Ligand SMILES: Nc1ncnc2c1ncn2[C@@H]1O[C@H](COP(=O)(O)OP(=O)(O)O)[C@@H](O)[C@H]1O
Ligand SMILES: CC(=O)OP(=O)(O)O
Ligand SMILES: [Mg+2]
């Protein structure tokens, strides 16, 4: 291996994000996003990846570049099989394809990304980095659902958890911000993007997370419901006459903030709340209520909490969400400093008061750097 650059591909359900990172000097010579796949001229993920390859080639940074050491792919579901970054072979691709029923919105896009990149550069090492991997340490008491064990095992029904690359990166960065080793710190990480999840990390090891078998469980998200009584599905089916696919679409794409008020973007919800819009206010209140429940639950799971870290689009940018989520928790040792919380910055920073026993932090996530580092470590080992 000669090159020092890693191309990271993050293929989502309707977008492909890419970044080219140089591991020798930390620079990022290229990055971009192809959005709204399936809506306009970009008909599918293969077309989107072709566009990514073209954009890179136009800058003289194409996949044929000798400086490229590897391609790192974000793969959302790794099941129980993949708990480490994995060099991609035909057999690995087949295994990722077998996991499509567990992540129908995400894994097909990931597989397409892998196939296109491999066809363009068959000689280049390609590495899969799994969203589920960081959560593989969650103990059985937290990972198992309380259903018949044989049925659960037969069909792989258990908590896998997602956004693990982000939870891993942010929990380490939070320890660094406190000037401590990850092993010394217990952290609640709140990854609040379009998809959203919470995790409890004890001394660097993940012990609980809010997403489950699929990325649907847990917090209220942009378009996903998060927690719901599973009997609502039987009710909608038997009484409401909705098909399984219709209920799937309802809970994944027409729920969450979008289902509650028509907008999935927290900026727009904040604007509408400022105008006194009751639907936007209720959506915000439900979002915050769920978040507070998880903070309380994970405080009990960890016993001792040293830090709470907010990350991803909403967590990094919405002071209103951070303030509301942790308001009135002085009895838990949690005190947000209003002035610090309102300051805007792209850097990791503390927003708790000097007297807060629990450090509250805003820590920008960097899934691309984490994927590139894990990829580069594997191919240069
Ligand atoms: N300035 C902001 N204030 C409040 N929310 C924001 C702001 N910027 C972005 N967001 C929120 O972040 C979300 C996107 O988060 P992101 O982590 O990029 O999501 P994903 O990676 O899941 O696509 C947007 O839908 C929006 O709700
Ligand atoms: C797993 C998941 O929910 O990912 P995203 O937030 O990118 O949709
Ligand atoms: Mg994201």
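The backbone N, Cα and C atoms fix where each Cβ goes, and this holds for glycine too.
A quick note: this is a predicted structure, and the numbers were derived from the prediction, not measured.
In TrEMBL this protein carries:
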- 131: active site, proton donor/acceptor (ACT_SITE)
- 10, 367: Mg(2+) binding site (BINDING)
- 17, 191, 192, 193, 194, 195, 265, 266, 267, 313, 314, 315, 316, 317: ATP binding site (BINDING)
- 74: substrate binding site (BINDING)
- 163: site 'Transition state stabilizer' (SITE)
- 224: site 'Transition state stabilizer' (SITE)
Recorded positions (131, 316, 367), the one with most neighbouring Cβ atoms at 10 Å: 131
Listed recorded positions adjacent to ligand 1, that is, members of 131, 192, 265, 267, 367 whose C-beta is under 6 A away: 265, 267
Among 74, 131, 265, 314, 316, which are recorded as recorded positions, the nearest neighbour of residue 163 (site 'Transition state stabilizer') by Cα: 131
Of the recorded positions listed as 131, 194, 267, 316, the one whose CA lies nearest the CA of residue 10 (Mg(2+) binding site): 131
For residue 131 (active site, proton donor/acceptor), the one of 194, 265, 367 that lies nearest, given that the binding-site residues are compared by Cα: 367
Of 17, 74, 224 (the recorded positions), the residue whose Cβ has the fewest other Cβ atoms within 10 Å: 17
Per-residue Cβ crowding (10 Å cut-off), top of binding-site residues 10, 194: 10
Residue 314 (ATP binding site) - helix vs strand vs coil (DSSP): helix
Least surrounded among the recorded positions, given as 163, 267, when other CB atoms within 10 Å are counted: 267
Neighbourhood of residue 314 (ATP binding site) by C-beta distance under 8 A, where only residues 6 or more apart in the same chain count: 192, 193, 196, 266, 321
Minimum Cα separation from residue 267 (ATP binding site), reported as the residue among recorded positions 74, 224, 367 that achieves it: 224
Count of other CB atoms lying within 10 Å of the CB belonging to residue 265 (ATP binding site): 14
